[in-house]
Each structure stands twice: as structure tokens, then as C-alpha cells.
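A quick write-up on the structure given underneath.
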Amino acid sequence: MAQFELLARCHTTRARVSRLTLAHGVTMLPTFMPVATQAAVKGLTPQQVEALGVTLILNNTYHLNLRPGIKVLSEAGGAHKFQGWNKNLLTDSGGFQLVSLSKFTTITEDGALFESPFTGEPTMLTPEESMSIQHAIGADIIMQLDDVVPSMTPDRQRVEEAMERSVRWLDRCIAHHTLSGKQDSQNLFAIVQGGLDFELRDRCLKQMVERKNSVAGFAIGGLSGGEEKDIFWRIVKQCTEKLPEDRPRYCMGIGFAEDLLVSVALGVDMADCVFPTRTARFGVALTPRGPLNLRLAKYAKDFRPIDGSCPCPTCADGTSRAMLNHTITRETVAAHAVTLHNIAFQAQIMGGARDAILAGTFPDYLQTFFVNYFGDVGYPEWCVNALRSVGVDLLEGSDIKVVTGSGAKWE
Amino acid sequence: MSTLSFTVGHASRGPFGPRTGKVTLQRAAMALTVSTPGLMVATTRGVVPHLARDQHRRTAALRWVHVPFESFVENVPPTPTIHPGPHPLHTFLAFPDQLVLLALRDPADPRDLPPNGKDHVNVWTARGVKKVSPAQWRAYVHACAPDIVVALPDIPYTPPPFSQKRTTKSIDRTTAWLAHLLAPAPEPLNILVHMAGGLSAAARCAFAESLVESLHENEAAAVRPHLSLDSGVAGYVFDLQPLHRAMDVSSDPVHAPAARADETAALFHASLAPASPAKLRVVNSVASPHEVLRLVRAVGIDVFDAKWAQDAAHVGVALDFVFPVPETAAPRRDLGHNLYRVQYAHDFAPFADTAPACPCGACAPVAPPTVISHSVLDVHAPSAVPPASYTRAYVHHLLHTHEMSAHALLVMHNLAVFDAFFAGVRAVLERGDDFSTAVDRFLAAHDETLAVVAEARTMWRDVDVARGKGRLARERSEMTPG
């Protein structure tokens, strides 16, 4: 079973620093997990990812089950060996992609019924089957199969049904995982559901926390579906307040810098998102002063690196914005260069948070980040509200304006 | 500025026999020696396709790069020409330890262009056709400070065949534009000249003679201190792509590789006979190692681009051949593996059978020497075991899932295989073994039609169409013939 040690807590916010020890080494939390959907972080080799100081990445079960398939993964000795990644690995349950990518998916009590992409035959993904597939993949952290409904679903009854079913499926995942004898090397996380409804979330939290001794960690699911940010943070806060202190908390599908730092302040330890790697391929480099859209003509003669203080190979090598402007969306190497940078940026944000929490300066760290990142365009109101709820007032002694809506920064 | 020298080592059979040599480059504190016969790596838009900068250092075969300038003409002034610092091109493109050869055009680009003019050539850019004059080329080159530059040639990219008048024009312009580049300048350049004359041996001979003839009065003054154009050049370049295209439409087209190689060799002899035997000979756009061996054997060519091997990586082929062919080799085999093939789905072997000790970043990956630390708590725990070779099964998976890292691994590998092939060629020549017999054995042992690459290209395109939603549009137009 995973070893989870709390090392320090922020004196003001709910942020904490911890050490998660899994079968493939130590991962310091809070952390951001780059996504390697098809057993590769797009364009990079595992050695390149490791050199970025990343110790935990995510593979998608749905995709790996289709290709290369469980037989190949088993022959290879698991997904770690197959892709040459010797650090920690997390797989999702496959349920989310089933709903988002597959046609004709029907959820029954038994499992998710979908059309097999191989044969077109109706195929059932049950909680037990999801566990078996994830056992074959062999990731250090595996996720329960949950009944996913889009966060904006207006049908409360459907959200309630999905939440209750996710609890029942958690029990089946726990039972199957326990029987497998894989608990020593693989750690099952539960996923809290309940949509944007505080009452449903409370009921889900209560039932799942009762099963705490059978799970290694908890995820907050069913968010990042286009909901209002002001609701997003309130649900995250509700969950982190009720989840046990001695288990890691994983907020699924978030990747914007402000989302990460607000979530960390609310008590989240882990997050994943395709955003930093996907946006890299479209030419957007993330920096402490906001994203740079390298396709813009203004960068054609800009010989500075993306961020002179960034330790990533792209910036350390002096790769200029002008060269990236010349190659982005035309040469894969430009995507590789910006992907390396963006993953390092996410890791820097989270590493800086770890240091600040440890040093007792996390509120200052938040202030500095938000001034640098949003000072020119204004603070998103939801960030101000969320951080105020944990004792940090971004507006104190500041004349920076506040903007409504998501406030996400773009260039 | 860079100092370049070329010395011939082992040479045999007169001026066109196979030979070894060394190209030595001195640029500020950087010294580099490239053994020949050897390869230069092709670039597009200033980068080695698929190879991120942090992979450069893991690619020993990356010593010499061929940089076409034309993509930079999209901006006015071209971006590298305004880059600050003493080595603008090397810095901008991140080739500090490589020999950088600058040419105006991509020699492998087969697309038609409008006719060149008396004072300009046409180039392809992402923003359409642009014109570049000899005066602009001279200014760009001096601003970029490459290690080697190819003087502006007048190569027609209009549909062949070409009249005698057009060939004469090509010779006159190429000569004049070379003289223009040779005009006295604060910094001397290391210049290669493209051998003009097209399909006519007589025209090639006439062009070469115009290079070596002594210049007088105004002509001499224009290129002082050189006494002839030839004395100002470091070597000779041959672009195969336009030549072969012209051969295809000639009145008596020759398609069999061996016969075509003979015809090509005869034309190159006509170009080189009057020229200086001890100067560097560079060929662009070879299609196979077979063509390399024939040109080494029959013409004594020193440097070849690796575009074909890079293109094979682009479509999913892992090269697998060595020179000389081992005694125990199978009767006749492909030059590599089309890793799209289903047979590789469960094949956990490294890419190559013939080169078990391939040093590339895919066959012999190394753990990162340094790992970025993001907080005081981060402790890097290096793995106890070195990383394993990437497998055919993994790259098969990456290719079918349209993952870009497949091509990064294959480019590193294919360059290493081609580089080792050249090391084998040099070793045979240096030992004084029977090179010609070794060449014949190689020609007989490997499929020269590259059917394996053609098959892979078809499968690459199928996956690209099926999965290439986010894929870069440029690649499609580039790799789709016609």
C-alpha cells in the first residue's frame, strides 16, 4: 500500500505538503501529472520527461485497452516496461473516455455498455473488468470505475443515480482489487461524484469516507466540465474539507495555473490535465506572466527565450521565441520544445508551492503569483473569492481590478 | 569566421576512385573533424525534423547539417540575418558544435517554380514563391556566418527538358553569381559551387573549365586575391534531384538504377575532370545506400545528405543494415523494418538485427544525467538499472496511435545506422580491402527499390488520414507526392 506522509501544513490556507511513496518511487505533493494518453507524453521520450523532474504521469485505460491491448501489455510486463517509464504511473478507469469518446454508451447497474471499436459488438465495461484491465497495465495508482455524468447535467435525478452507483461500483472495485492480491503494488483511489449539488456531494463524501480503509486516496470527479468557476471551487472546498487528512486528494482534469494554485490552497494534492501539453502543440507557452501565443507576428523577431529564468531544456538552451515562431505548428520539434517547457512550468508552479508551504510563506507565494500572472488584466473574481475563503485576500493593499467569469488568461 | 580544410586520406584508382578524407573545421574555440565518406543531416525550417534540441546531444551522427535558407525569406529581413551575437545562425538554430552548411534552397524539394531571372532565383516559402538576388544572398550569408555556403546556382525548376540555350544561361549565371560571392569581403567564406551543366557532359566540362581558367584584369580584380574562381571554392556540390528529374524526361530515359548510376557518374566525371582533385565533393538527395556506394566507388564522392534515411524515419521505417555485409547475412533483405506491420505488435526486440550495438538514443537510451529539481524537498533517485532499448512493439504502437515520439526515436536510430554504414565504408577503404567487391555484395544483398519504405509510406498516410486531426498540415503536403 502507498505510504503517505504529511510533512507540513500552511498556517493560513488548507494547503499541505506530503510525500507519496509508491512502487516506482517517491512523488512529492502537491504535484501536477502530465498526461501520456497513449503511453507517451506527446512527442517526448520517458527520459526527456524524467529529466524535467516529473515523477508521476497518467496513462488512459480506455486508449491502452484499444491499443496496444492488454495482451501486448502483459507480454511486455506491464505499461511501465512497455513505454520505458520507471517512475510512478496512474491510470484512469476508462469510464470517462467511454462516455466522451464512444457512441451508444448505456450505463446499467452492471457496468457501461458500449459498442466495441473492434467488432461493433455490444461490450460491457464492468467495475471488475476495469480493475482487471488496470491490473494488467500495472499502474501504481488505479482509479475506480465511476458513473460519469457531465457536470452541467440539469437532471438531478440522473446525477443522484450516478453518485449512488459510483459508491456501489467502488465497493465492487474494492472487492475485486482486494481479491487480486495487487494491493501491495497498486493503489486504488475512490472518485467522489455528485455533480454541482452540495447535498449529493455530501452524501457521496460520507459514504466514500466510510470506505477509507479500503482505498489509498480520493479523487474529486465530475468537475472541469464547463461549470461556473465559482461553483467549481466551492465543490472542491467542500470535498477537501470532508476528505480524510491522511489520504492524498486528486482533483481530476484541472491544469490552468490559477486552478492549480487555488485548488492547492483548498487542500488538493494532485491534478492532471492535457491542457499544458495540448496548448503547447498549438504554440502557447506558459509563463509566470501569462501565456505567450508564439504564433503571433510580434514574436518573429523576439530573440529572448520563452522565460529567461525557466530551467527547462528549451529555455536553458536559449531557444528563442523567434525560432519557435518560425517552426510552431509546422515542425514537430517546436511542439516538443514548448511541451518540455510547459510541463516544466507546471512542475515549477507546484514545486514552488511545496517550498512555500514548507517555509510558511504560501500566502505570499499566492500573492506574488497572482500579481505577476494577472496584474495586467485583473484578478478572476472566483479566485479572489476562493482564496478569501481560506484566509488569503488578494485585494489587500492592491489596486488591481477584479474581472468576472472564468478570467482565464489568453494571448 | 570558420576555417575549413579538407585532406584526402586513402585514395585509389585515379581522380575518381573511392577515397577517405577529413574535413576539419575551426570556429572560434570550437574544432570539429568529420571523416569522409560521411553524412550531413538535412534540415527543414532550420530544424532536424522530429529531433528536439535536447536530443541533438544524444545523436553522435549530428556533426554536419545542411540548412536551406529559403523558409527564412518569409520575413523581411530574414530573421537569422538580424540575430545578435558572433555566430547568428549557429545560435539561432542551436547547432553550436555542428558544421553548418547554408544553401538557399532545399535540394530535395521537387516542386516547380517560375523561371529564374538574370538577377534572381525563385524560392518556395510558406507564403508562396519569393525572389532572391545574388546581392541579397551575399548579404544574407555574411550576416548569418555559416561554416560553409553554397554559392547561388541557377538550377531551373521549370519542367524539363531544357534547351541548350537554357543550359548555357544556367552556366553563365552560376559562374557570375559565384564571382559575385567571391568579391572581396571583410570575412572570407568557405564556398561550395554547384556543378552546372545538367544532362550535357560537354556543358559540364565547359562550366568546370570556366572555374579553373585564370582570370585577368577586371575579372581578376573582382575576386581578388583569387587567381581563378576555382581557387576561391572549397569544393563542389551535385544536386541529384533536378538531375534525375531531367533524366526521366530525356529522349532516352534510363530507369535501371545501375545504368542510371553509370550515366550520373559519367556526367560527374565531366564536371570534375577539369576541377581540382583534392577538393571536397558533396552530393544531395541520394535515394539509398546503394546510390551512395556507387557514387563513392565510381566518382569518389565525400559527403552525402541523409535525407532518405530521415524520410524513412518519418514514415515509420527503422533501418537495419551494415557495411560490409556480414558473411552470415540472409540472402536478400530489406534495408529496414516497416514498423507499421502487424508482425511487430508483439516484437519486443530492439529495432535492428544487424547492428546489435547501435548507439542511438532509441537502442541505447541513457538515464538523464541531470534532473530538474522543483523544490527543496525533491530528491532525484536515479534508477538502479539503465533504461532498456525501445522496442519494435512500442514504436509499432506509437505509429498506429499517431504519436510523434515514434519519429523522434526513428530519426535518432536511422541517422546512427547510416552513420555506422559510412564508418564501415571508411574502414574497408582504410584497410585496403577490395571495396568494389564489398559494394557488389551489398548491392546484391539489399533491396534497392526500397519497397519497405514505399509500403510504410502508404500505411503512414492511412494512419495520418484516420488519426491526424491535430497533425501538422505541412507534413501532409510535403510527403504526398505531386
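Cβ coordinates come from backbone N, Cα and C, glycine included.
Take the Zn(2+) site that TrEMBL assigns to A:CYS310, A:CYS312, A:CYS315: the candidate from A:HIS176, A:HIS177, A:HIS341 listed for it is A:HIS341. Record check: TrEMBL places A:ASP92, A:SER93, A:GLY94, A:GLY95, A:PHE96, A:ASP146, A:GLY222 at the substrate site, and the matching candidate among A:GLN186, A:GLN193, A:GLN238 is A:GLN193. Range A:277-281 is the one annotated as region 'RNA binding', of A:107-111, A:277-281, A:397-401 (source: TrEMBL). Looking at A:113-119, A:162-168, A:253-259, the range annotated in TrEMBL as region 'RNA binding' turns out to be A:253-259.
Proximity of distant same-chain residues to the region 'RNA binding' (A:253-259), defined by a Cβ-Cβ separation under 8 Å and at least 6 residues beyond the stretch ends, is recorded for 32, 223-224, 232, 271-276, 286, 345-346, 349, 369-370, 373-374, 380, 383, 407-408. Under 8 angstroms separates the C-beta of A:CYS312 from a C-beta of chain B, among the binding-site residues A:SER93, A:GLY94, A:PHE96, A:CYS312, A:CYS315. Here the recorded positions are A:ASP92, A:ASP146, A:ASP272, and the one with the most other Cβ atoms within 10 Å of its Cβ is A:ASP92. In the three-state DSSP classification, A:ASP272 (active site, nucleophile) falls within a strand. Most other Cβ atoms within 10 A: among the binding-site residues A:GLY94, A:CYS312, A:CYS315, that distinction falls to A:CYS312. With respect to A:GLN193 (substrate binding site), the closest of these binding-site residues in Cα terms is A:HIS341, chosen from A:CYS310, A:CYS315, A:HIS341.
Nearest by CA distance to A:ASP92 (substrate binding site), out of the recorded positions A:ASP272, A:CYS310, A:CYS315, A:HIS341, is A:ASP272.
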